[in-house]
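Right, one structure below, let's go through it.
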Amino acid sequence: MYRLITRDNNAKRGEFHTVHGTIQTPVFMNVGTAAAIKGAVSTLDLQAIDTQVELSNTYHLHVRPGDLVVKKMGGLHKFMVWDKPILTDSGGFQVFSLAGLRKIKEEGVYFQSHIDGKRIFMGPEESMQIQSNLASTIAMAFDECPPHPATRKYMQDSVDRTTRWLLRCKTEMERLNSLEDTINPKQMLFGINQGGTFADIRIEHARRISELDLDGYALGGLAVGESHEEMYEIIEQTVPYLPLEKPTYLMGVGTPANILEAVERGVDFFDCVYPSRNGRHGHAYTNHGKMNLLNAKYELDERPIEEGCQCPVCKTYSRAYIRHLLKAKEMLGLRFLVTHNLYFYNKMMEEIRMAIEEHRFQEYKRDKLARMAEGE
Ligand SMILES: [Zn+2]
């Protein structure tokens, strides 16, 4: 259940109550694709840097180790040892972006596993069953992630099918939550708004899915090749048609600047691979822009990645040491950068929440963006 605490213009400050604890929003969800943060960051590390939500990918866990294995191990929370909220995606995005040779039908999607080429079928019911086996806190509805660009006709047909699939997801989840051996009978469902960059299709779709009284609503199919300006415009036009008293989730976005712009337009939930992916490439996020720790100028630099940062890495290690680890291709160097970057993202969300509460979000956003643009 979502409670809107306050608003600063369109920015929302809320809290979302779940069976695995309360999420303070706006929130960043830390992406652990196959039940692990890439970069050797464990759930113990996530606890140490005070993160709120972990996100795992249904498709990846379905192909390996298999959702039935996870169910037999007591569900994802027990399997990966994490007692706070977990969101699982529906598998749809990976089916449409990773899997080979797929065929979309009314019943669902036929495709080949990217691991072993095995033929798999996934439709709304299968996605809900897998997510119920994983026993995540929040399950995402199975949708089609349409290609970009797509014709208006393709988009309208796709969105209509996504709506029919959403109704099937809702029915199936209600059935699964009522079964005796379901690990999390309080699993929640978020619907996904689609429509590409066609604002009128997005708005009409948002109206239709809002009537279903779901636990939350996501904007999908953005950051897939359109410009940032187009994305902000679509968010601005669509969010007002989603329920104010439910959380809004912008899927797969983005840079710190993208997040600040979307918060300003009323978004509550975010997830993105940037902090871990950039960390694995030797890049650190700081309040003075991105740093490349491989740079020769850090060879004898005794300072932490970012002075004043309270993450366990910055409190302990120097730039010189981390640079050495990266040069020597020691996994520890990547782990340090990913840890710092996740801390940076989660800390920024904390600052955002405080700024909204104190009704100074505009000022905070302006200062943060100006500082990040400065460079080191
Ligand atoms: Zn740090």
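Each residue's number is its place along the chain shown, starting with 1.
Cβ coordinates are placed from backbone N, Cα and C, and glycine is handled just like the others.
TrEMBL does not curate its annotations; it predicts them automatically.
Counting every protein chain shown, 31 other Cβ atoms lie within 10 Å of the Cβ of ASP89 (active site, proton acceptor). Annotated active site, proton acceptor per TrEMBL: ASP89, in sequence order.
In the three-state DSSP scheme, ASP271 (active site, nucleophile) is classed as strand. Long-range neighbours of ASP271 (active site, nucleophile) (same chain, six or more residues apart, CB within less than 8 Å of its CB): PHE28, MET29, ASN30, VAL31, LEU55, LEU87, TYR249, MET251, GLY252. Per TrEMBL, the feature active site, nucleophile maps to ASP271.
Look at TrEMBL and you will find ASP89, SER90, GLY91, GLY92, PHE93, ASP143, GLN194, GLY221 tagged as substrate binding site.
The Zn(2+) binding site feature in TrEMBL is assigned to CYS309, CYS311, CYS314, HIS340. According to its DSSP assignment, HIS340 (Zn(2+) binding site) is helical.
Annotation source TrEMBL lists domain 'tRNA-guanine(15) transglycosylase-like' at 10-372.
The region 'RNA binding' annotation in TrEMBL covers 252-258. Confidence in the region 'RNA binding' (252-258), given as mean pLDDT, stands at 96.
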For the binding-site residues GLY92, ASP143, CYS314, HIS340, which residues place their CB under 6 A from an atom of ligand 1?
CYS314, HIS340
Please work out the number of neighbouring Cβ atoms within 10 Å of the Cβ of GLY221 (substrate binding site), leaving out its own Cβ.
30
How far is it from ASP89 (active site, proton acceptor) to HIS340 (Zn(2+) binding site), counting Cα to Cα, in Å?
25
By a simple count, how many Cβ atoms lie within 10 Å of the Cβ of CYS311 (Zn(2+) binding site), its own Cβ left out?
22
Just the number: how many Å between the Cα atoms of CYS311 (Zn(2+) binding site) and PHE93 (substrate binding site)?
32
For the binding-site residues SER90, GLN194, the one whose C-beta sees the most other C-beta atoms within 10 angstroms:
SER90
